[in-house]
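Worksheet for the structure shown next.
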């Protein structure tokens, strides 16, 4: 019954959660950050390596042909030692050189906190979306935290890359042999048998810089949620209004409607010039070619001039 109740609670949370945010860049990048942070601290924090060398003395009874030296995270190599024959008496403790714990632990610490923050931010995106966007405080805090983690990834990855290079130098059997006094005595022979495998540590550095890329890239997506980019995002200019043509495109004062237009209604209308009337007979008071026609009243002759040529004659 308790298991069923827990399942109901989980189902309610899933039903109320906005899992679509995982498909968006903001949530999807957080998933990648969460996964890559796991790989970063796992490949570094769980490392353990081993190197092997041999010391062949002139006195064969004093030789040691299989010397194993183990070391691990956090790489306090100055505390790692092995017993090497002196070819003359009792074996002697020889310590490795260097303490590279600071860069390694710093890298792992940043990775762990980035993992925790990514998990918490992702849960906030899914189940507390309204609280996240309330008063725009959530996106602003998220942006600041993302910027801090991006900077921390840059510093920690660079420091750990340098630290790893020093670890490789300090655990190289050839360099260890160079520091052993017994190997420089005549008749003694020292050989390296196996180098430590550091491919896992190389992978941790790669994941460190991949996390840097993810966190820097995520700054843009979080920045858009803050609303700070709104003043810089100008709306595209609207389409310019169409200017009316002269005379309203043959509408108001153009073809066929205005008092000075060129339409068929005014060109040959009653206010025009020569207007013969073929339908009525010529008379003294009508139209046509008579004395009171268009030449007299509305024709080309001015008002007050003789209305017919016969009167002038």
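Quick reminder: no glycine exception, Cβ is built from N, Cα and C everywhere.
Annotation comment: Swiss-Prot describes 253-263 (among others) as compositional bias 'Gly residues'.
What Swiss-Prot records for 264-283 is compositional bias 'Low complexity'.
What Swiss-Prot records for 284-302 (among others) is compositional bias 'Gly residues'.
What Swiss-Prot records for 59 (among others) is N-linked glycosylation site. In the structure as shown, the Cβ atom of residue 59 (N-linked glycosylation site) sits within 10 Å of 11 other Cβ atoms. Reduced to three states, the DSSP call for residue 59 (N-linked glycosylation site) is coil.
As annotated by Swiss-Prot, N-linked glycosylation site applies to 99 (among others), with the evidence given as sequence analysis. Reduced to three states, the DSSP call for residue 99 (N-linked glycosylation site) is coil.
Around residue 81 (phosphotyrosine), the C-beta neighbours below 8 angstroms that are at least 6 residues distant in the chain are 93, 94, 95, 96. Sequence annotations record features per position, and here Swiss-Prot assigns phosphotyrosine to 81.
Swiss-Prot lists 238-313 with the feature region 'Disordered'.
Residues or ranges marked as transmembrane segment in Swiss-Prot (evidence: sequence analysis): 26-49 (among others).
What Swiss-Prot lists as transmembrane segment is 107-130 (among others), and the listing cites sequence analysis.
Sequence-distant neighbours of the transmembrane segment (138-161) (same chain, 6+ residues past either end, Cβ-Cβ under 8 Å): 44, 102-104, 106-107, 109-111, 113-114, 117, 121, 124, 131-132, 204-205, 208-209, 211-212, 215-216, 218-219, 222-223, 225-227. Residues or ranges marked as transmembrane segment by Swiss-Prot on the basis of sequence analysis: 138-161 (among others).
If you look up Swiss-Prot, you'll see 200-223 (among others) marked as transmembrane segment, on the strength of sequence analysis.
Long-range Cβ proximity for residue 99 (N-linked glycosylation site), meaning a same-chain Cβ under 8 A and a gap of 6 or more residues, is found for 75, 76, 77, 78.
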